[in-house]
Amino acid sequence: MSVKTESPTQQPPQTPDKRSLGQWLRDGVKAQAMQIVLVWLAIIIIFSALSPVAFFDTVNFLNIAVSVSILAVLGVGTTFIIITGGIDLSMGSVLVFSGVVASLVMERMGDGEGWGVAITGIVVALISGLAWGILNGFLIAKAKVPPMIVTLGTFGAALGLSQVLTGGIDRRAAPDVLVDTVGFGRVVGIPVLVIIATVVVAIGIVMLRRTKFGLHTEAIGSNAEACRRVGINVDRQLIKVYAFAGFLAGLAGLLNLTFFRSTTIAGHSLTNLDVIAGVVIGGTSLFGGIGTVFGTVIGLLIPATLRNGFVILGVAPYWQQVVVGAFLIAAVYFDQIRRAAATRGHSKPSLVSRMFPNNRKDR
C-alpha cells in the first residue's frame, strides 16, 4: 500500500529588490524632502490667505530670501558636520571673529575704498574661519574630544577674542565698494547675497551627492569603524569637514559685515541654534548618516517664513520662538520614528560595504 505524500506548495520566488542602498537612501530622502517642501508651501498659503497684500508680494519674498542667505551659507557646512554624527556650536562666534579680523585689517590698511582693500578683507575672513574649522576638526579627530565640548569651547574662545580685539565695540570698517556690491548690490533685481548663498548651496549639493568627499562624509556618519576597516582615513575626513564648515563661517562673517556694515558682536548668540534647528527641520538626522543640503535650505526657510508672517500679522515675538521650537521637536521626533521603522525593517548591507563590495573586513 503506497502512502501518498503531498509535496509542500512552493512559493513563487520573490524578485529581489535590485536597488542599491544609495538608491534606497535617495528615494527616502526625496520623499522626506518633498514633505518638507509641502509644509513650507502650506505655511506660505496660510499667510497669503491671512494677509494677501503684505505677505504675498515679490519684495517680501526677497526679504525672506535675504534673511536666510547668511544662515544658508552656515547651514551648508553644518549639514556636512551633522551628517558625520558631529555638531558645531561655534559657527556664530566664528562668523563674528572672521568679520572682526577682516574689519580690523581693512581699517589698518587706511581709507582705501578700492577692491585691493576689499579683496584683502575677503581673504582674511575666509582664512580666519578656515583656521577655526581646522582647530575644531583637529581636536575632535586627533585629540578625541567630543564635538559638543570642542565647539562649545571654541564658541566661547572665538567670541572672547573678538571682544578682546575690539574692546567690545563693533567695528564698521568695510569699503563702500564691498558694501555696495555684496551687501546691497543686485543682479537682475536679485540681491547679490541671495545669489552668493544660492551658489554655495549648489556647490554643497554637488559635493554631498556627486563627490568622494560627500560619499565619505555620509559613510562616516553611517559607520565610522567600518570606514576605517576599508581604508578610509576617518580622522583626515573629519578635519576636512570641519575645515569646510569653518571656511563657510568665514564667508558668512564677511557677508554679515557687508550687509550690516558692522561686526554685530552681540547679535549672533543664537545663530548656531537657528542653523542647527534649520538643518534638523530639513531632515538631516542628528544621529548622522542621512541629510541633504536642499532640505537644510527649506528647513531654514520654514522658521524665516513663520517669523516674517507673524511680524506682518502682528503676533508677539515670543510666540515665534514657541512655534519654531515646536517644529524642531517635531522634526527630531519624526526622525526617531523613521530610524525605528528602518531598524524594524529588513536588514540591509552597510553603506560602506556597498562602497567596497569586494572587501571582506566589514563582515
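Including glycine, each Cβ sits where the backbone N, Cα and C put it.
Any TrEMBL annotation is an automated prediction that lacks curation.
TrEMBL lists 1-21 with the feature region 'Disordered'.
As annotated by TrEMBL, transmembrane segment applies to 36-55 (among others).
The feature transmembrane segment is assigned by TrEMBL to 61-82 (among others). Proximity of distant same-chain residues to the transmembrane segment (61-82), defined by a Cβ-Cβ separation under 8 Å and at least 6 residues beyond the stretch ends, is recorded for 88, 91, 95, 133, 147, 190-191, 193-194, 196-197, 200-201, 203-204, 207-208, 214, 217, 241-242, 244-249, 251-252, 255-256, 259, 271, 274-276, 278-280, 282, 284-286, 288, 291-293, 296-297, 299-301, 304-305, 308.
Sequence-distant contacts of the transmembrane segment (118-141) (same chain, at least 6 residues past either end, Cβ-Cβ under 8 Å): 77, 86, 88, 90, 94-95, 97-99, 101-103, 105-106, 109, 147, 150-151, 154, 158, 174-175, 177-178, 234-236, 238-254, 257. Taken from TrEMBL, the feature transmembrane segment covers 118-141 (among others).
For 148-169 (among others), the entry in TrEMBL reads transmembrane segment. Residues of the same chain lying 6 or more positions beyond the ends of the transmembrane segment (148-169) and with a Cβ under 8 Å from any Cβ of it are 87-90, 92-94, 96-97, 100-101, 104, 132, 135-136, 139-140, 263, 265, 272.
Below 8 angstroms of C-beta separation, residues 62, 65-66, 68-70, 72-73, 76, 79-80, 83, 181-183, 214, 217-218, 248, 251, 255, 259, 291-294, 297 of the same chain, each at least six residues beyond the ends of the transmembrane segment (189-208), sit close to that stretch. Look at TrEMBL and you will find 189-208 (among others) tagged as transmembrane segment.
Per TrEMBL, transmembrane segment is recorded for 238-255 (among others).
Positions annotated as transmembrane segment by TrEMBL: 275-302 (among others). Sequence-distant contacts of the transmembrane segment (275-302) (same chain, at least 6 residues past either end, Cβ-Cβ under 8 Å): 25, 29, 32-33, 36-37, 39-40, 43, 64, 68, 71-72, 74-76, 78-79, 82-87, 91-92, 201, 204-205, 208, 218, 220-223, 324, 327-328, 331-332, 335, 339, 351.
Using a Cβ-Cβ cut-off under 8 Å and counting only residues 6 or more beyond its ends in the same chain, the transmembrane segment (309-334) has close neighbours at 43, 46-47, 50-51, 54-55, 60, 277, 280-281, 283, 286, 299, 302-303. If you look up TrEMBL, you'll see 309-334 (among others) marked as transmembrane segment.
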